[in-house]
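In TrEMBL this protein carries:
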DOMAIN    16-157  domain 'Vitamin K epoxide reductase'
TRANSMEM  20-39  transmembrane segment
TRANSMEM  80-99  transmembrane segment
TRANSMEM  105-125  transmembrane segment
TRANSMEM  132-152  transmembrane segment
TRANSMEM  172-195  transmembrane segment
Amino acid sequence: MSTTAETERARTTTGVRGLAWLYVVGGAIGLLASFALIIEKIATLRNPDYVPTCSLNPVVSCGSVMDSPQAELFGFPNPLIGIAAFAVMVTAGVVLLVGFAAPRWFWLGLQLGTTLGVVFVHWLIWQSLYDIGALCPYCMVVWVVTIPMFWYTTLFTAGQGHLPTGPARPAALALARFHSLVLVLWFLLIVVLILQRFWTFWTGG
């Protein structure tokens, strides 16, 4: 019995450390992308003729995205939200790495934050594809780090019982077993949507 308990504790510790590193690395990347967007935004405010370094063509164009109403959903530039949110994730990762025994409310807070983040990201993906009609490279970096942070936080909180799963527990366990495949398919779907939306541009048709 004690061996089983020790194995489970070791597995949990490994899971926490893996998640912590995801928060630190993913959060740092998201933080840098958000800072880059703010720098580009300030440059465009100072000089209306400035062309952002991430505006490469009519489709891959930060400028088109930054000039859209969706870029300031709450009345201020969205990257400010990213700076605050990713700073929290980096901090969470660091405290977990140094051995903080996180209580349930801590994990539920991270679950709420990453859930709001992934919902916001997917709204922005939809807006970029079907309303704005342009892709922002720095924004896509944010997409890439937000999705796995949400996914693995959800798997961890559900697996540890912090997030009640009820009758859905067998499905949650199955998803956890194929966690990498789910993530690959998730990203693949986004890539397919991007290719489909801008197929004429990509192919020169």
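Each residue, glycine too, has its Cβ placed from N, Cα and C.
DSSP assignment over the domain 'Vitamin K epoxide reductase' (16-157) gives 110 helix, 2 strand, 30 coil. Remote same-chain residues near the transmembrane segment (105-125) are listed as 70, 78, 81, 85, 88-89, 92, 139, 142-143, 146-147, 149-150, 153-154, 156-157, 160, 162-163, 190, 193 (criterion: CB distance under 8 Å, separation of at least six residues from the stretch ends). Residues of the same chain lying 6 or more positions beyond the ends of the transmembrane segment (172-195) and with a Cβ under 8 Å from any Cβ of it are 125, 129, 135, 143-144, 147-148, 151-152, 155, 158-159, 165, 202. Across all of the domain 'Vitamin K epoxide reductase' (16-157), the predicted model scores a mean pLDDT of 95.
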